[in-house]
């Protein structure tokens with residue numbers, strides 16, 4: 001069995017490619033079923049966020065090309081598009097990659113906590129849809145344990161910084177009097193909730209939350225002291241917003257160039273600052289062509305995020321050390337489990353020899369033979385049968401100068417304690 005991790009992320013692919021490869025929430029269960037139905041794929045899980053799409057599989061062979069081809073077919077993409085951006089890892093390197101992702105070490109914002117929650121959702125989806133077997137189940141559980149250890153034992157999670165924080169930080173640098181600005185947030189998920197809290201902490205004046213379901217918008221608005229509206233009310237609210245930050249799971253853009261042009265006229269062309277965190281994008285790229293609009297995507301937040309990365313370099317080094325220890329533990333346990341089948345077959349062989357010797361001894365006792373002689377014969381028979389096969393193979397190994405086998409046999413077959421007692 002081979003463990004495979006394959007995907008693209010913000011370091012290997014542009015936002016245009018990432019949004020083409022992203023799975024919508026409605027697609028995930030079906031995609032997982034398709035992936036697991038591929039020949040040789042025994043277990044599978046799918047992670048899809050604004051910054052990465054990754055597939056984790058247990059396969060009969062390496063299988064990375066088959067999985068990559070499937071990813072392209074699912075999204076109707078030419079092979080060369082993915083070939084230029086995709087990466088893959090096998091076995092120990094795949095496990096290391098997953099643990100680094102879970103700990104936030106592979107994120108755009110170093111140490112950001114949201115990815116662990118997103119990984120847990122991917123794990124739960126795979127579990128609910130029969131995607132997991134023993135191998136991925138154990139790997140994910142161990143990964144979550146290592147990620148928790150990283151967060152509790154290093155400074156990687158201190159002063160939480162995320163894409164949400166980076167967006168608010170950029171906005172606060174652009175507006176001289178942030179306390180007089182008004183913000184419109186589109187979406188009501190975890191990222192927008194973080195944006196709302198960061199905006200409140202930064203002293204934003206007015207805050208409006210728009211969401212497809214008004215009830216969810218009202219729930220978040222109540223928590224952050226904001227106004228709640230539906231998506232249908234955005235055209236009216238847009239004219240009053242200085243800052244617009246959007247992060248939904250919509251497959252189609254929510255803000256178009258015409259809608260924003262209309263809002264600018266009502267604002268008498270006062271500038272609008274927009275950050276589109278969504279993948280696929282919520283704001284049409286043509287909106288950025290308007291003179292009074294400053295439109296940023298998640299990729300544009302890199303400068304703010306890079307400063308954060310420098311501040312967390314020491315914590316990251318500590319985290320890498322913990323992950324390395326976690327990898328070694330996982331590999332040890334995997335090797336132990338790998339010997340399980342060999343141990344089972346060896347014990348079954350020994351049990352078969354014991355049963356045969358016992359059957360013969362009972363038959364001899366039933367015929368009235370001397371019990372002491374029967375026991376002596378039984379012990380000799382068991383000893384000879386148990387040692388016959390290994391003895392032959394040791395002689396063959398010696399004749400072929402297979403010193404590796406002889407050395408392993410010495411470790412496996414000779415009990416040092418027994419040898420010491422014999423010499424005494």
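Cβ coordinates come from backbone N, Cα and C, glycine included.
The annotation active site, nucleophile is assigned in Swiss-Prot to 50 on the grounds of sequence analysis. Cβ neighbours of residue 50 (active site, nucleophile) (same chain, under 8 Å, six or more residues apart in sequence): 18, 22, 163, 247, 277, 278, 279, 298.
Under the heading substrate binding site, Swiss-Prot lists 49, 50, 51, 52, 107, 112, 113, 114, 118, citing sequence analysis as support. Within its own chain, residue 107 (substrate binding site) has 51, 101, 115 as residues 6 or more apart in sequence whose C-beta sits under 8 angstroms from its own. In the three-state DSSP assignment, the secondary structure recorded for residue 107 (substrate binding site) is coil.
Look at Swiss-Prot and you will find 187, 188, 189, 190, 191, 192 tagged as NADP(+) binding site. For the recorded site, residue 191 (NADP(+) binding site), the DSSP three-state label reads helix. Taking Cβ-Cβ distances under 8 Å and a sequence gap of 6 or more within the same chain, the neighbours of residue 191 (NADP(+) binding site) are 114, 162, 163, 164, 247, 277.
In the three-state DSSP scheme, residue 97 (site 'Important for activity') falls into the helix class. Marked as site 'Important for activity' by Swiss-Prot on the basis of sequence analysis: 97.
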Practice item. Can you grab the distance from residue 189 (NADP(+) binding site) over to residue 118 (substrate binding site)? Cα atoms, rounded to a whole Å. Key: 12
Revision key, fill the gap. Near substrate: residues not in 49, 50, 51, 52, 107, 112, 113, 114, 118 with Cβ within 8 Å of the site Cβ centroid are 104, 108, 115, 162, 163
Practice item. Go through 113, 187, 189, the listed binding-site residues, and name the one with the sparsest Cβ surroundings, counting other Cβ atoms within 10 Å. Key: 189
Review point. Per DSSP, residue 49 (substrate binding site) is which: helix, strand or coil?
Key: coil
**Study point:** Of 49, 97, 113, 118, i.e. the recorded positions, those within 10 Å of residue 187 (NADP(+) binding site) when Cα atoms are compared
**Key:** none
**Study point:** Integer Å distance between the CA atoms belonging to residue 118 (substrate binding site) and residue 97 (site 'Important for activity')
**Key:** 15
